[in-house]
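Below: one structure, written as structure tokens.
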């Protein structure tokens, strides 16, 4: 291979501080039109350079100044070559137009809270993207009369966003950040609802686990842990199931909570499809039952709060009737459906409070209960005593009662199942997903 040697043919001087970026005007350099490019600098100016057709040398034709008050970090020509966008550390983006040979600032875009690091036009010149040290990406739509309207503010990076670039032919935007990620953004529909459709910096190994990544990864490991922990926590299971389990078979049944064999044996290629089919149906039935149980427990809690707030059962307090209990049950289910569909971050925030409430509250109960209880039972009673309450439960069959009494211990298995569901929406899913699952198993 012939060795390629580069030699300096011209040195362009004029900027008085470091030069940060340059961009070629796409409408020049053909059909006898001289090549033109723009450069921007820490000296707060933008220079327009034009090539002489006779000797191919460049000379400065214009200096754009007195608009930006700090370093101009990036510049970009529109596809038509009529507009030039310049991004500055003064948190603004200026739009310049060549009017009769003179460049005029026709619009100044404001909104970023900190230094604007990069600017880029889409292929059609109808959209402009800017990014900033404030960790956000803004998308602007070009309006008639050189007006620009912000149609979306993209919040996904956790550090400074250094660069934005549009796809060469499609309205797909790429952003690069100090958080070591490249995010890919696309418009979901006709409502300017821009979403992150892929994060290139984190390992996208979801296909190894049998599904395609479809959801945004915005959940941290602790948020996923909080949701999973709150799903299988002590108080959630105790409220609807503790008393019932005691009535079905006595205290011995409550000690069997270590049935952790959900991944003990893989089905293999022969039985894999059948096992998957069974798993899907059991999962569906389990989720329906689990959500119903939680809504029932929540309604019971509200019923008790109302009763205690109005005078207790003996003090003629208000005990919510069946119709009101049903309304509370339906209301909780609808609220949960809305939050899980549209506001998973709200769920995560609530469950972060919940996890500390459960840990501290559970510790208080474990410590205080032996100190304040009037009578206690022996260990032999707890582990060996078997009781039936057919008058209350209507069940006299011992085997069936034992199965039903295991509900409270089995309910805790729901927790790490939740961690598995949330893996796709967790940042660093290949590490944080399994870590959350192991932490929940340990809990």
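Residue numbers in this text run from 1 along the chain shown.
Using the three backbone atoms N, Cα and C, a Cβ is placed for every residue, glycine included.
Residues or ranges marked as repeat 'WD' in TrEMBL: 12-59 (among others).
In the repeat 'WD' (65-97), the DSSP tally of helix, strand and coil residues is 0 helix, 18 strand, 15 coil. According to TrEMBL, the feature repeat 'WD' maps to 65-97 (among others).
Annotation source TrEMBL lists repeat 'WD' at 109-150 (among others). Counting residue by residue with DSSP, the repeat 'WD' (109-150) contains 0 helix, 26 strand, 16 coil.
Taking the repeat 'WD' (154-185) as a whole, pLDDT averages 92 in the prediction. The repeat 'WD' feature in TrEMBL is assigned to 154-185 (among others).
If you look up TrEMBL, you'll see 222-242 (among others) marked as transmembrane segment.
Positions annotated as transmembrane segment by TrEMBL: 323-349 (among others).
As annotated by TrEMBL, transmembrane segment applies to 355-374 (among others).
Here the repeat 'WD' (154-185) is broken down by DSSP into helix, strand and coil counts: 0 helix, 18 strand, 14 coil.
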